[in-house]
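As given in TrEMBL:
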ACT_SITE  80  active site, phosphoserine intermediate
BINDING   31, 143, 145  Mg(2+) binding site
BINDING   31  Zn(2+) binding site
């Protein structure tokens, strides 16, 4: 395994960054997919394929990836609504609010209608420069994670 890991290290160090303009971007989000959940999935897959701890998940082979931690403006452990606002718009929101900043509290419908408190998602950024966008989800489109691309509401429900 030491030789394999040295090969992997050399491979990573020798990667040349892609510096050309992207034709398309796919934002793949595993909502609620923590490091421990990914480890458990990898171990289960490894047991089924007999590769055990050497198994690799498909997303681990993407050329670029990142892990982030999110927390809402008013809670240490966030929900999907506030976290989708964070990773899609780059702004903190309060727990169970969606597409609005921390000036909007849960259920504050007056504040949510103030355009100054509404966030702008990455999809809107692309649409503003005439790029096509879309959402693919295994949940309903009004679920907090996909709704973070378009909604501005003081209550995710």
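Cβ atoms here come from the backbone N, Cα and C positions, even for glycine.
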Apart from 31, 143, 145, which residues in this chain have a Cβ no more than 8 Å from the mean position of the Cβ atoms of those residues at the Mg(2+) site?
29, 80, 84, 137, 139, 144, 146, 147, 148
Whole-number Å distance between the CA of residue 145 (Mg(2+) binding site) and the CA of residue 80 (active site, phosphoserine intermediate)?
6
Could you state the CA-to-CA distance between the residue listed as 'active site, phosphoserine intermediate' and residue 31 (Mg(2+) binding site) to the nearest Å?
7
Which chain-mates of residue 31 (Mg(2+) binding site) that are at least 6 residues away have a CB under 8 A from its CB, listed by sequence?
80, 145
Just to confirm: which same-chain residues, 6+ apart in sequence, have a Cβ under 8 Å from the Cβ of residue 143 (Mg(2+) binding site)?
80, 137
